[in-house]
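Trainee: Below: one structure in C-alpha cells.
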Amino acid sequence: MDLSLLRSLTGPHDLKSLSPEQVRALAQEVRQEILRVVSANGGHLASNLGVVELTIALHRVFSCPHDVVVWDVGHQCYAHKLLTGRAGRFHTLRQKDGISGFPRRDESPYDAFGTGHSSTALSAASGILSALRYRGKSGKVVAVVGDGALTAGLAFEALLNVGRSCSDLIVILNDNKMSISPNTGSFSRYLSTLTVKGPYQKLKTRLRRALQTVPLVGRPACRALSRLKRSARTLLYQSNIFADFGFEYVGPLNGHHIEDLERVLNDAKKLTRPTLLHVQTVKGKGYPFAEQNPTDFHGVGPFNLAEGIVEKKDALTFTEAFSHTLLNAARTDDRVVAITAAMTGGTGLGLFSHIYPERFFDVGIAEQHAVTFAAGLACAGVKPVVAVYSTFLQRAVDQVIHDVAVQNLPVIFALDRAGAVPHDGETHQGLFDLSILRAVPNINILCPASAHELSLLFGWALAQDTPVAIRYPKALCPPEEDGFSTPVHTGRGVLITRENECNVLLVCTGGVFPEVTAAANTLARKGIFADIYNVRFVKPVDEDYFLDLVGRYRSVLFVEDGVKIGGIAEALQALLNTRHPAPCSDVLAFQDMFYPHGSRAQVLAAAGLSAPHIAARAEWLLAHSVGQIR
C-alpha cells in the first residue's frame with residue numbers, strides 16, 4: 001500500500017502546498033490507512049470514511065491550532081488524527097497506551113476539546129470563540145456536527161444562543177442521514193427538504209467575491225445584499241430554520257468534492273455572522289461493505305477487510321441475552337414496549353424493532369426525552385423498557401429522578417455497557433450508574449451475573465410497580481452456575497458454595513463474577529477455599545439476611561465493577577462493620593479517577609479488579625484475619 005503522501009506530512013500546514021491531484025490521492029491514502037487499522041483494532045469505521053474529504057478541506061483552509069475545530073461526538077476524528085502528526089502512531093488506535101479513538105486535549109494541541117458523547121460541540125465551540133474574542137485573540141472556530149446530533153436538546157440550546165449572539169462561529173452540519181442507527185424524527189425529515197440548487201450557490205459566491213473586491217463600498221454592499229436576500233426569502237419562500245436562528249445558511253454541498261468545500265469554507269472565513277454549511281456525505285464512503293450497511297460498520301470489532309466479515313464469538317453476549325429476554329417478555333405481555341436513543345443495534349433492539357414495530361420507539365439522540373417519554377408511557381398503563389448504555393444514562397439523570405422516581409413509575413432501565421467498557425476510554429466507561437442510582441429513592445437496582453439470571457431478574461422487574469434498573473457489561477455471558485437458577489428473593493443474592501469449609505467470602509456485583517470465580521479457583525489451588533456471594537440486588541438489600549450470611553466467615557472481600565465512592569461495596573462494608581465482632585474486610589472497586597482506553601481485561605487490571613489482583617487481596621486479607629472470632 002502506497003502511503004507516501006501521508007507519510008510525508010509533518011503537520012496540517014503541509015496540506016496547503018499540495019496540488020489538486022495530490023489532495024485526491026491523499027484522500028485515498030487516508031481511507032486505506034483507516035481501513036487497515038480499524039480492520040485490525042476495531043473502531044468507528046463508517047463515520048470516519050465519510051468525512052475524509054471534509055477533514056482535508058478543513059485543514060487546508062484553516063490554520064489549526066490557531067484556528068479551532070471542535071468535533072461533535074469525536075468518533076469521526078481518525079482522518080484528523082492522521083493529518084495532525086499522529087500517522088506514525090495510528091496503528092495503536094484504541095489500544096492500551098495508544099492514541100484514543102476520540103479527541104483528547106492531552107494527546108495533541110490540535111484536539112481543541114475532548115468529546116465522546118453527542119451534541120456538545122456547538123456549546124463548546126461557542127464558549128471557545130467567546131473566550132478568544134474576550135481575550136482579544138483572532139482565529140476562527142468551527143464546530144463539526146452530525147445531523148443525528150441535532151436531535152438532542154443541547155444542540156438546539158446552543159443554536160439559539162449562537163444565532164442570537166451574532167458571533168462568527170462556523171458550523172458544519174455533516175448530513176449523512178445517520179447517527180448510529182438511521183436518523184428518525186421530524187428534524188431528520190426536515191433536513192432532507194433543504195435543497196439549494198448548485199447554480200444559485202455558485203452565482204451567490206461569485207457575486208459576493210466580486211463585490212468584496214470593490215474598495216470602500218464592497219463589504220457594505222455584501223451586507224445590504226444579504227439583508228435584501230433574507231427579506232425576499234421571507235416573502236417568497238418557506239422559512240429555513242437555521243436562517244431563522246440567525247445563521248447564514250449555505251448548502252447542501254457535496255461533502256466529497258474537496259475543491260467546492262474549500263471554496264465555500266474560504267468564503268465562510270470572511271463572514272462576520274454565524275454560518276452553517278450543510279454538507280452531505282456518505283457514511284462508509286469508499287468501502288462498499290460499509291456503504292451498503294453503515295449501521296453494522298459504525299462501531300465495529302476486528303473484521304476481514306477483503307470480505308467485510310466481522311469476527312463473531314460463539315458465546316452469547318449480555319446484549320444478546322437481553323434481546324432474547326425482552327422478546328420473550330413481549331410475547332407473553334403486550335404491555336411491554338421498548339425505547340432507544342438512536343442505539344437500536346447497540347442495545348440489542350434490532351430484532352424487537354422488526355417483530356414489534358408498533359411497540360418500538362427510537363427517539364433519536366435524546367436520552368432526556370427518552371426517559372420522560374417512558375414516564376408518560378408508564379402513566380398510561382404500559383411497561384416501557386429504556387435500553388441505553390450506562391454512560392449515556394448520565395445525560396438524563398434529572399429525568400430519571402424528577403419524572404420517573406418521584407412519581408414511582410414502573411419504568412425498566414436496561415443499562416448496557418455497565419462497568420468496564422473496552423477501547424472507548426474515559427467517556428464511555430459505565431462506572432457511575434450504581435453510585436448515582438443508589439442515591440435515588442424508589443429505584444431498584446439489579447446486577448445479573450449470567451444470561452439465565454438476567455432473564456429471572458427481568459421477570460421480577462416486570463412484576464414490579466416501581467422503577468427498576470438492570471445493569472450488565474459489554475462482555476460474553478459466563479457459564480451458568482447451579483445457584484443462578486435460585487428463585488428471586490427481593491434484596492437477596494445467591495451464594496455459590498464450595499465443598500470444603502471456607503473462611504473467605506467474595507462478595508461481588510454480577511459484572512465481575514467471572515473474575516471473582518477465576519480468583520476463587522486460584523485460591524483453591526493454594527488450599528484456600530472461598531465462597532462467592534453474587535449480590536443480585538444492589539438496591540434494596542435484605543440487611544438482616546446479609547449480616548447473618550457474612551458472620552460465618554473470617555474475611556470478606558467486596559468486589560464491584562463501579563466506582564468505590566457511593567457504591568454498593570462501600571455500603572455493604574459499612575453495614576458489615578456494624579456487626580460485633582466484624583469479619584476482616586476490604587473493598588476492591590474503581591477508584592476516584594477516569595480510566596483510559598484498553599481492552600476490558602486491561603481496564604479491570606488497571607483498577608485492581610483482575611482475577612490475580614482479587615486472589616492476592618483475598619489471600620492477604622485472610623492472613624490478616626488471624627484471631628478473628630467467627
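Cβ coordinates are placed from backbone N, Cα and C, and glycine is handled just like the others.
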Trainee: With HIS75, GLY116, HIS117, SER118, GLY148, ALA149, ASN176, TYR287 listed by Swiss-Prot as thiamine diphosphate-binding, which of these, GLU358, GLU367, GLU453, is given for the same site?
Mentor: GLU367
Trainee: Give the distance between the Cα atoms of HIS75 (thiamine diphosphate binding site) and ASP147 (Mg(2+) binding site), rounded to the nearest whole Å.
Mentor: 14
Trainee: Determine, to the nearest whole angstrom, how far the Cα atom of HIS117 (thiamine diphosphate binding site) is from the Cα atom of ASP147 (Mg(2+) binding site).
Mentor: 14
Trainee: Do you know offhand how many angstrom separate ASP147 (Mg(2+) binding site) and ASN176 (thiamine diphosphate binding site) by C-alpha?
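Mentor: Checking the Cα atoms of ASP147 (Mg(2+) binding site) and ASN176 (thiamine diphosphate binding site) gives a distance of 7 Å.
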Trainee: Minimum Cβ neighbour count within 10 Å among the binding-site residues ASP147, GLU367: which residue?
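Mentor: Per-residue Cβ counts within 10 Å for the binding-site residues ASP147, GLU367 bottom out at ASP147.
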